[in-house]
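One structure is given below, encoded as structure tokens.
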């Protein structure tokens, strides 16, 4: 589907793009170029002959003068044909074996670069590195040296015509042909001509230790084995002791670190727990020291340990007594402060009441005092109740109710209420500036606020 017209026409015999016509054109071009080369060679030969003839005439050769030189010289094309035959006889190397007896056209006889494609034969234009033959690679099983290293391949007998299989020469040929080995194979500072690359056979030299062991008898060998076993056991014991000592050290360090971390956490949580933990740690340390001393001096150290314990118990008791006395002193200091504060509050109350009484006695006569006291007490009770109710309500509603009640009252009561409010204001003003002296010599400022 969809093939072009050119693809259809190139299959015709008369079309110039057909394969047969292209081949014919190429063959004709090759013949023309071959003929041109022959003519050029003949012209060069003729020029050389003319030069040699002229030189002989100058030298004075008699044969040239007589004109008999042509009798002793071969025809112009005979020398070249003989040389080509000698070269072809000497050259036995072919890329492939089937090329030795295969017929070839004249223009392709001398040119080895032309690749032949015979019918029914697989042609691989590849050369082996090991055997240097065409048609396979060193990894193919066709190669006669397959599976052999360079050193082993060099030892294999050959006809002598092939190249040597030494690794240094193989590496050089690989480089010339464009291949190269990795550095991991040769090494960084290794070269192909390095003597370490050559195979060196062992000369049968033995170590002095092996000779000494061979010279010993069976009994001496048994003794040596026993000694070696003992030394190995001693080494193992030493290693075990070292490991145990290291483990005990690591455990001791871990215990210390855990105790220090626990003490730091307790101190951060509360000061009381830190004190108790520090005391317990100190007690533990002291007990450890005492145990060590007891182990060292079991017989002589009993009395000393008892005296030390007594001294420590005395020190603890003194410490507890000092802490309790300090606590009692702080309580005793706090009590008078509280009493002074309460007494100052009571004095302020008494001074306020006295100032109210004095202001009322100065302003009013003794006849009106009884009536005013009764009215004041009743009014104070009413005010307290109103203030309690007004706290829960809004201030706007409270003011409106007071104005309505004032309008309902009598004018005589309003005048008496105004007089009471004036007298009360003066009493407040005086009460704010009054001072009272206490027996201790301290002055307290009395203030009254409603």
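Including glycine, each Cβ sits where the backbone N, Cα and C put it.
Swiss-Prot records SUMO2 cross-link for one of 285, 293, 340, 399, namely 340. Record note: of 18, 52, 202, Swiss-Prot gives the feature phosphoserine to 202, with no matching annotation on the rest. Of the given residue ranges 211-218, 219-226, 291-298, Swiss-Prot assigns the label motif 'Nuclear localization signal' to 291-298. Looking up 79, 233, 333 in Swiss-Prot, the residue bearing an annotation of SUMO2 cross-link is 79. Ranges compared are 146-174, 204-232, and Swiss-Prot records region 'Interaction with RP9' for 204-232. Taken through DSSP, the compositional bias 'Basic residues' (233-257) splits into 25 helix, 0 strand, 0 coil.
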